[in-house]
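Here the structure is laid out as structure tokens; the discussion comes afterwards.
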Amino acid sequence: MNIHEYQAKEILRKYGVPTSTGLVVTKTEKINDTIDKLNTEVYVVKAQIHAGGRGKAGGVKVVKSKEEAKKVAHDMFGINLVTHQTGPQGQKVNRLYIESGCDILKEYYFSIVFDRSASCITFIASTEGGVDIEEIAEKTPEKIIKFSVDPATGLQDFHMRGIAYELGFKDNQAKQMKEIVKSVYNAFIETDATQIEINPLIVNSDGNLLALDAKITFDDNGLFQHPNITAMRDHDEEDPLETRAANAGLSYVKMDGNIGCMVNGAGLAMATMDIIKLYGASPANFLDVGGGADRERIKEALKIILSDKEVQGILVNIFGGIMRCDIIAEGIIAAAKDIGIKVPLVVRLAGTNVEKGKEILSNSGLEIIPAHDLADAANKIVEAIR
């Protein structure tokens, strides 16, 4: 789960991370009053959307008067902001964060993430802040600093000293950086986060370190322990189909292709998407129905796939282990009769009760195209939509 910048800063402040401060606006009629409450010489108006690249897209504006701030805020609120992360459709700006500006002497990058490949927690830092870490990695990879933390032993003093040293901090600034590392680590662990990113972390004119922008992503599986964080969820920032799928216990991610996929198991789902690409088409989604899906969940999965107007065909690829193929077949038939599937539907079944499942589909009277293996299924669905 993602949250907005102002929410991320609120959490980090609770853990002792110094951040820039401001006020959030959720209604246009509150803009003027909110800006009047800020007593500052420089105003920073920031669009609050769950995507990076806001600055380059015009979603962050720095102005030097209240009147300018009010005009910029009114112009920005409600626009469709298009960044390199939103896609061409953009994201509507329903919230603004208006901050007091500050002098910036130097910008840094600092984050903490789970490194699944190394089975550890990793700090990533750089003396080049204010730009995407991917851009730093591409242009100046030697400027990226990494420190790994063993979850069994936790954060140690040498981690904090090492990060401060590698970033070039000395004396009081080194002490500040050590405290920030400790605070961010504690926030990461205690909130079940998967990533905390501060970009940029700045040194201001007073020589103090300050988190000027912040992003936190949480592990959905840990949210039940954090109702206060769950309450920060902004459903307007999420794809409605993905939200609907999550509520039904389905793992769904919308993509840009035209072949809908329904699969059980994340690995099989990715293999299915790969082979669709191999045969010359593109998947419209990732959809894992899980190992314990029943008829109703299968029906809901197909309804979600067909809610995407770009879908021209559907490939169902099920390996029956825990899930029985006859249950899948009954769910497919129920969905087809209920919603009227009008696009080509290719079904590949294997595993538990596969012959019974195939028999149910064959006797259904519906126009379902059977496939005997994954390659056959991919070939048939691609040919069917041409």
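Residue numbers in this text run from 1 along the chain shown.
From the backbone N, Cα and C atoms, a Cβ is placed for every residue, glycine too.
Swiss-Prot names G53, R54, G55, E99, C102, E107 for binding ATP. Of K46, K92, the residue it gives for the same site is K46.
Swiss-Prot lists G321, I322, M323 as substrate-binding residues, and of the candidates N264, N285, N363, N379 the one it assigns to that same site is N264. Neighbour density for C102 (ATP binding site): within 10 A of its CB lie 17 other CB atoms from the protein chains shown. In this entry, ATP is bound by K46, G53, R54, G55, E99, C102, E107, whose most widely separated C-alpha atoms sit 21 angstrom apart.
Recorded residues N199 (Mg(2+) binding site) and G321 (substrate binding site) have their alpha carbons 45 Å apart, per Cα-Cα distance.
For G53 (ATP binding site), other Cβ atoms within 10 Å of its Cβ number 15. Binding of substrate is attributed in the record to N264, G321, I322, M323, and the widest Cα separation among these residues amounts to 10 Å.
Per-residue confidence over the domain 'ATP-grasp' (9-244) averages 92 (mean pLDDT, predicted model). Nearest to E107 (ATP binding site) in space, judged by Cα atoms and limited to the binding-site residues D213, N264, I322, is D213.
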